[in-house]
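K.L.:
Below is one structure. I have some questions about it.
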Amino acid sequence: MPADLFLGNYAIEAPSEDETTRLLRAQALETPPLDARLNVPPWLAERLIHRYGDATETEIEALAGRAPLDLRVNSLKSSRDDVLGLLTDHGFAATKTPYSPLGLRLSDPVPLKSLPAFGKGLFEIQDEASQIAALLSGVAPRDQVLELCAGAGGKTLALGALMQNKGQIYALDTDKRRLQELKERADRARLTNLQIHRLTLGAEKRADQLYRFNGQMDLVVVDAPCSGSGTWRRNPELRWRLDEEFLAEAVALQRSLLLEAMMLAGPKGRIAYMTCSILGEENEDVIDYALSRNDQWELTDYHRKLGDVGLADLPETASHAPEMLQLTPARHGTDGFFLALLQRCPE
């Protein structure tokens, strides 16, 4: 037994004054306030109620549930039925995802990365929401595609497979470690139409690095850094780490990235803007901001693409803007995820 056990070094930290006030207030009421029931800060509860109205409790309770383990079959190397058979042979109870034609789902966590099929690049772990976003992006073989904030490349790999290794994907990010992980994953997936570029910090250097792409891209994918509020099932601590200052900084970056994407796209270019957020400030509001500052772009209704990519049965969006897709655990059984599609206006 540690000698300092009785010296207070192992004591749980006392609640803050604000936490104590909230606990006493909740205890005094027969029905606790909504922020207490939702287990979110009061300022965030107000935003969620404004966005989801009467469905707020249902939506947020679903984000407290247990997330399934989804994977995306690499269509460059295998098929969904074949991978499903491999998983079944290893004793894993997998089912086909409800909407994505490329996905499989396991209700319990299993050591998938230990399977030979994973090492051979037959599948990647990816939530169905991200798969849906890649399918709806409109990417096609022979496209010139640039992905801002590519990170470790989950969507990059999905886009490359949909392109059938034709055309070119330029995956850009500032994080050297994550780009190295992308390279390793791309090698495993046998993705050959990929160029990886590390962006340096600093506006002037970034502009110089991006200059060669200006006006050249068929599709620009903005997988914007965000609050991560759509991933609370997997990261429940994020709801209490999020504050208004962080959100404001994220929104400023998201706006900047989307305006940047508008310069990179070609004369008939398209943009797929996406976040793993359920907050309107990071989603519809960012789209409205960018469109108000660049009249060369218009919103494309995502419904137009559903049938073409095998998503005809996808339930309606949780967004107040019917042209934009807001996925939520309560409505779609996925992580919370947002997608908006933009098209440069014809001259």
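Quick reminder: no glycine exception, Cβ is built from N, Cα and C everywhere.
TrEMBL: automatically predicted annotations, no manual curation.
Quick paste from TrEMBL:
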DOMAIN    59-345  domain 'SAM-dependent MTase RsmB/NOP-type'
BINDING   Asp173, Asp223  S-adenosyl-L-methionine binding site
ACT_SITE  Cys276  active site, nucleophile
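What does the local environment look like for each feature on the list?
P.N.:
Within 10 Å of the Cβ of Asp223 (S-adenosyl-L-methionine binding site) there are 23 other Cβ atoms, across all protein chains.
All protein chains shown were included, and the count of other CB atoms within 10 Å of the CB of Cys276 (active site, nucleophile) stands at 24. DSSP gives Cys276 (active site, nucleophile) a coil state; it is part of no helix or strand.
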K.L.:
Given Cys276 (active site, nucleophile) and Asp173 (S-adenosyl-L-methionine binding site), what distance in Å do their CA atoms have, once rounded to a whole number?
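P.N.:
Just about 17 Å between their Cα atoms.
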K.L.:
Averaged over the whole of the domain 'SAM-dependent MTase RsmB/NOP-type' (59-345), what is the pLDDT?
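P.N.:
Average per-residue pLDDT within the domain 'SAM-dependent MTase RsmB/NOP-type' (59-345): 96.
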